[in-house]
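S.K.: What Swiss-Prot records for 39, 45 is NADP(+) binding site. What Swiss-Prot records for 130, 131, 132, 251, 252, 296, 311, 312, 313, 314, 315, 337 is FMN binding site.
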C-alpha cells in the first residue's frame, strides 16, 4: 500500500492516490469527511477554517460503497480558489498578475528561503503553496482509509495532547484508545483532563494577544496490533523507524519518541526494560510498556505509544526579521494567516499518519487481494503466534 498527494494550498483542489488497498473494504466519502472535520476543529483555529469546509470526492477505486482493488483517487476542493484563480493559474498570465501576492520576504522557520534557493524561484509563493500545512488535508484523507481498514482488523488508533508549551496535561500511564476517545475526543483542546481546559484556553488567548504561537507534544496510541510487524533484519524495515519518519514528515514536527522516549536515557536499565510474562490465556505479554510496544524495530504485541513534538507555528503576528530576496534588505517577515496553536488539529494529522504506516505494514506483510483474505491471513498469523 502506498500513496501520493498533490495540490497547492490556494490551488483548485488537493488530490491523493492510494494504491494497494484490498478489494471489498466498505468505504464512503462520509468515512473520510468525519476525519477531515476533526482536522479543522480545535481551540485556537482561525481564518482558513472559516473559509474551508473540506469535503472529499472519491473518483476512482470505489464502486457501490466498496473498494475494488484499483487505485483510489481522493479530491478535496479548495473553496478559497475563486480568490486566487489568476494568481494560481496553470497557464501563463500577464506580468502584472504574476506580481500580485508575489512573495520575496521569506518567513523564519518556514521552507520559503531554502525552497527558493533549491528550485531557483524568484517568487517564494511557489514554495509556500506546496509546503503549507494545507497538504495535511490529504494525509488525513489517506489516514481515514487506513483507519477504516484497521478497524476491520480490530486495530484502533487515538491521540491526545499531553503538552501545550510548558503546560503539561495530566493523564494516567495506562490509557486505552476508548478512554482517549471518550475524553480527549470530546475536548476542543484534545486533552484527557478537562479540569485543566479553562486555564489552557486563557493561556492560548494570552499567547494570541501577544502575537505569538506555542507548540507542544501529542501522543498517539494504537491497540490491537499483533507482535512481529516490522523487522530487525534491515534498518529500513524497522516499523518504529518508519513511524518516526512519517511523524517528523508532518509540518512543524521536530521530534518523536516511543514509550518512555528520551526519559529512558535518564534511567538505569532495570527501570526501562519491560519484563516478559506468559500465561496460557494470553501467551507472551509484558509486565509494563516502557518501550511503547516496540522491541528491535518490531511490535511486541503491546499498545503502541508514540509521541510527536510540534514546534510553534512559525508565522507570527509579531513577525521576526528576515531578508528580502530581491533587495537583500532587512524586513519584517510576511504574515499569510496564522493561529496561536494548531495542536488539536495536528493530533488528528499525527493519528492518521501513524494509522497509515501501520496499515501499510499490515498490507505489505499479509499481501492480500481482498479484505476477507487479509482478515484470514491475520487470524492465521495470530494463531501461529499463540502456539509459540
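The backbone N, Cα and C atoms fix where each Cβ goes, and this holds for glycine too.
Remember, predicted model here, so these are calculated numbers, not experimental data.
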S.K.: Counting all other Cβ atoms within 10 Å across every protein chain shown, which of the binding-site residues 39, 45, 130, 311 scores highest?
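M.R.: It comes out as 39.
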S.K.: In Å, rounded, how far does the Cα of residue 132 (FMN binding site) sit from the Cα of residue 39 (NADP(+) binding site)?
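M.R.: A Cα-Cα distance of 15 Å.
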S.K.: In sequence order, what residues of the same chain, 6+ apart, have a Cβ less than 8 Å from the Cβ of residue 313 (FMN binding site)?
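M.R.: The answer is 213, 215, 252, 338, 339, 340, 341, 342.
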S.K.: Just to verify a number: CA distance, residue 315 (FMN binding site) to residue 45 (NADP(+) binding site), in angstrom, no decimals.
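M.R.: Spelling it out, the Cα of residue 315 (FMN binding site) and the Cα of residue 45 (NADP(+) binding site) are 14 Å apart.
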S.K.: Give me the Cα-Cα distance between residue 45 (NADP(+) binding site) and residue 311 (FMN binding site), rounded to a whole Å.
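M.R.: Cα of residue 45 (NADP(+) binding site) to Cα of residue 311 (FMN binding site) measures 16 Å after rounding.
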